[in-house]
Amino acid sequence: MQLRTNVKHLQGTLMVPSDKSISHRSIMFGAISSGKTTITNFLRGEDCLSTLAAFRSLGVNIEDDGTTITVEGRGFAGLKKAKNTIDVGNSGTTIRLMLGILAGCPFETRLAGDASIAKRPMNRVMLPLNQMGAECQGVQQTEFPPISIRGTQNLQPIDYTMPVASAQVKSAILFAALQAEGTSVVVEKEKTRDHTEEMIRQFGGTLEVDGKKIMLTGPQQLTGQNVVVPGDISSAAFFLVAGLVVPDSEILLKNVGLNQTRTGILDVIKNMGGSVTILNEDEANHSGDLLVKTSQLTATEIGGAIIPRLIDELPIIALLATQATGTTIIRDAEELKVKETNRIDAVAKELTILGADITPTDDGLIIHGPTSLHGGRVTSYGDHRIGMMLQIAALLVKEGTVELDKAEAVSVSYPAFFDDLERLSC
């Protein structure tokens, strides 16, 4: 696909896609609760549709009228054995969180996905679930999908210190803990996104959070709720960066989720001197509008506790750093290696093709800026965030064309991405 290049400026207002993390979890919580859950602004991207289809295969009635999703909750005990292997597509969230839910279901389930999922490590989830009494293993005797899990109605609580900072692993353990008899304790390596904890409370459950320690006493029964999904800051990030680096730009992004465990990119932009203003903030629902304007940027260092708060935004932050004055260092981000692709290597290789001065390290990137970008042939590696990052990079190319292979990957989280960009472009 030939990407849009040499854009003079970007102007306009956008409603970015609904939050992917909350959309996944709204289906899951609706399914394991008693009664009806309605979901407004559900993200109909490929990943979240994989979650929806997965729970239908477990016997959950889910209706979609095009505006609202309605989930007829069955409770944990009402989930039924799937007739076939559950296909999670490209969704790591689906497979890892479902393992936690299935840990308490007394039947065997197989989960598989695409070629990318087949490379995603699962021991980080399987080990604690097996400690709780589930029988979970790779079908091919490795830690990689396909995965087979046989749950048990006698799950034991766990006291677990996380070896990696992963909201997916934490969430899987918490879903299992909701079904276990007794108090489970999870200690995080670093604070990660807390949508699961928030939604446990929203659906009538209880847990205690003390810094990085989470304590949950089970078993618990949840009750269906009405969920309104805000815009996804991870999708908004591409237009935040575009607005900062394309000359004479001003973009208003409406109703973006502003959960503090997800807003690390806003802190980085502020540290780099970028102009992003929060308007119409709704603190109760963790959302607001974001107004971004073209800015002069300076380099920064990114590492430590902030990394889990912006892990998915690091590819587009790397592009931002190519336009900042000085040397930006990203460290402590080794988790990027086990995303849809090795995002450290992918970002470095593809931006280098376009003229960036960027070096991969074992746990991050070193980026010298500012640099002018030029045309070239690049690939998304089938990774939606790499694909969208490269289109924003192409906006800055004044000479030559940019050809993107595997552009269709963006539909995983943002099916209308190219159309939305076209509406802003001048």
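Numbering starts at 1 and runs along the chain as it is shown here.
Cβ from N, Cα, C; glycine included.
All protein chains shown were included, and the count of other CB atoms within 10 Å of the CB of ASP312 (active site, proton acceptor) stands at 25. According to DSSP, ASP312 (active site, proton acceptor) sits within a helical segment. The feature active site, proton acceptor is assigned by Swiss-Prot to ASP312, with sequence analysis given as support.
Packing around LYS339 (3-phosphoshikimate binding site) is summarised by its Cβ count: 20 other Cβ atoms lie within 10 angstroms of its Cβ, all protein chains included. Marked as 3-phosphoshikimate binding site by Swiss-Prot: LYS20, SER21, ARG25, SER166, GLN168, ASP312, LYS339.
Secondary structure from DSSP puts GLN168 (3-phosphoshikimate binding site) in a helix. Taking a C-beta cut-off of under 8 angstroms and a sequence separation of 6 or more, GLN168 (3-phosphoshikimate binding site) has the following same-chain neighbours: GLY92, THR93, ARG96, LEU97, VAL125. Annotation comment: Swiss-Prot describes LYS20, GLY92, ARG120, GLN168, ARG343, ARG385 as phosphoenolpyruvate binding site, evidence class sequence analysis.
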All-chain count of other Cβ atoms within 10 Å of SER166 (3-phosphoshikimate binding site): 23
Length of the line joining the Cα atoms of LYS20 (3-phosphoshikimate binding site) and ASP312 (active site, proton acceptor), in Å: 12
Cβ neighbour count (within 10 Å, all chains shown) around ARG385 (phosphoenolpyruvate binding site): 28
Cβ neighbour count within 10 Å of LYS20 (3-phosphoshikimate binding site): 24
